[in-house]
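Have a look at this one.
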Amino acid sequence: MTDTFSFNVNSDDLQKRSDHIKMGIHQAPARSLLYATGQVSNPEDMKKPFIAICNSYVEIIPGHVHLRELADVAKQAIRDAGGIPFEFNTIGVDDGIAMGHLGMRYSLPSRELIADSAETVITAHWFDGVFFLPNCDKITPGMIMASLRCNVPSVFVSGGPMKAGLDPQGKATTLSSMFEAVGAFKSGLMTEEEFLEMEQNACPTCGSCAGMFTANSMNTLMEVMGIALPFNGTALAISDERRDLIRDGAKQLMRMVKENVKPRDLITKEALDDAMALDMAMGGSTNTVLHVLSIAHEAGIDYDQADINEIAKKVPYLSKIAPSSKWAMEDVHNAGGVPAIINELIRMGDVLHPDRMTVTGKTLRENVADHEIINDEIIRKFDVNPYSKQGGLSILYGNLAPKGSVIKAGGVDPSIKDFTGEAIVFNSEQEAVEAIDSGQIHAGHVLIIRYEGPKGGPGMPEMLGPTSAITGMGLGKEVALVTDGRFSGASRGISVGHVSPEAADDGPIALVENGDKITIDLVNRTMHLHVDDTELAERHEHLKPFVPKMRNGWMARYQALVTSANTGGVLKGADELFPS
């Protein structure tokens, strides 16, 4: 018999996972179907590794509209390296387009759908390796979660960031500039002509949005985690360098398949610590906290927000990127990129774990050894002039957030060390937006936007509209916003999100009333509601039970199963659903 007929799935010398679907006489029907795909031409092809390309090509997402072409580059590189590529696609949500309406409630939940769907295709077809091609917001963490569930040799190459746009004065812009322009236009600070010109030029190319928003935060973090190649987070989407990364990634994947290097070999507790250290150094999106916690959950790693706070205390803020400065991702790339930042952190001596292995087959230290800072205005040295001696994110605890909350400290004006204001309470984002638009918000207010958490929203929508409007109106240093929802990576200002427990879980944020005083202390990482425990207990007695908003569709199931932000907003697992 030929090798194809004599395959034994129980053999000790099993070499390829995909042999389960293509070898042995009983798999003849499967082989017929494989020939019908056109990807397999002859029995010799059946002996080659089967490689999945998990793409996320979606035409309504500018960060993904070019991924069909990049997948073709990856497929050819896999064939050249001796594999058989099979492309499949996942869904995707564009957070910028979905912002401020029902669509935003589907954004964070889409992460779970992406993880589930990728896990399904990869597991059902016994692929030998997976080339993940993500780019924006929830797609990247969803794919990482799937890779950990399947634990098959995997490499990640993102689609890359877009070029920065230009405003009417010729200054570089990103999507956050456009959101803030809405507030400026409404306040009479921008003419209609300027507004329309900016609208058409803020996002000039395909790629993820040009600042250090969620997409680029996650794509840079993958570099230091060791699951993506150097410069994955900064090489432009439209560049030849991006295509070279695709080709190199395919070659590395084929090596990893041969050596059986798997995601759980690379994504360790130390890798997650290093991811958050880089996030602190670059002032990344607050959403990275949610996603790193969810990645830890899938990897079976005990990880807590308190761990993140400890990292924040010792890692300096080295590269301030839009929306916190004028610099875009292409500027960071030209200044030395993420490898230069990693190298600077390694130079500190006790911040990273540089001897971990990565997808290159080399250690993190070896990957970045030759990469120095080229422009020390964009990437600063830790011992010369860091933006701050502590990282760009902070976890705040207190009686308003017993299980924690998150603020992008690097997006707050450096002159602000603490803020005390008077609560003005809204039970939805829409109510808050209407109040802002009608001029009800003034200096000294702390906007409370609640019942917008993972369960309450449902879906934990981003509050980019309210934060951008506040900034655009010139109140970014005089008004704070506190929510059990979350923020876009494009948000800045005194914006505290992820308040846990959320209002829908009877968290203290549900007890806040108009006029209550609230103090946000960035130095001591606390947030305090100035109401005594007796009064809070009395308010709790009169608190009305939360009524779920969704009664049909998959979001109703999501609302029933989702956990709190302090655990990453993942869905309840078997241990919680079926306790022993």
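Glycine too: its Cβ is placed from the backbone N, Cα and C atoms.
What Swiss-Prot lists as active site, proton acceptor is Ser488. The annotation Mg(2+) binding site is assigned in Swiss-Prot to Asp95, Asp137, Lys138, Glu462 on the grounds of sequence analysis. What Swiss-Prot lists as [2Fe-2S] cluster binding site is Cys136, Cys209. Feature annotation from Swiss-Prot assigns N6-carboxylysine to Lys138.
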Including all protein chains shown, what's the count of other C-beta atoms within 10 A of the C-beta of the residue listed as 'active site, proton acceptor'?
30
Three-state secondary structure of Lys138 (Mg(2+) binding site) from DSSP?
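DSSP call for Lys138 (Mg(2+) binding site): coil, neither helix nor strand.
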For Asp137 (Mg(2+) binding site) and the residue listed as 'active site, proton acceptor', what Cα-Cα distance in Å is obtained after rounding to a whole number?
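With distance taken Cα to Cα, the residue listed as 'active site, proton acceptor' is 9 Å from Asp137 (Mg(2+) binding site).
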Since the record lists Cys136, Cys209 as binding-site residues, which of them has the fewest other Cβ atoms within 10 Å of its Cβ?
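Checked Cys136, Cys209; of these binding-site residues, fewest Cβ neighbours within 10 Å: Cys136.
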Given the recorded Mg(2+) site (Asp95, Asp137, Lys138, Glu462), which additional residues of the same chain have their Cβ within 8 Å of the Cβ centre, ordered by sequence?
Val93, Ala98, Met104, Ser107, Leu108, Cys136, Thr214, Asn287, Ser488
Looking at Cβ-Cβ distances, which residues of the chain lie under 8 angstroms from Glu462 (Mg(2+) binding site) while being 6 or more apart from it?
Asp95, Met99, Met104, Ser107, Gly485, Arg486, Phe487, Ser488, Ser491
What does DSSP call the residue listed as 'active site, proton acceptor' in the simple three-state scheme?
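Coil, per DSSP.
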Check the binding-site residues Asp95, Asp137 for other C-beta atoms within 10 angstroms of each C-beta and report the one with the most.
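Result for the most crowded candidate: Asp137.
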Residues with Cβ closer than 8 Å to the Cβ of Lys138 (Mg(2+) binding site), same chain and 6+ apart in sequence?
Gly92, Val93, Asp95, Ser107, Leu108, Ser110, Arg111, Ile114
Which three-state DSSP class does Cys209 ([2Fe-2S] cluster binding site) fall into?
coil
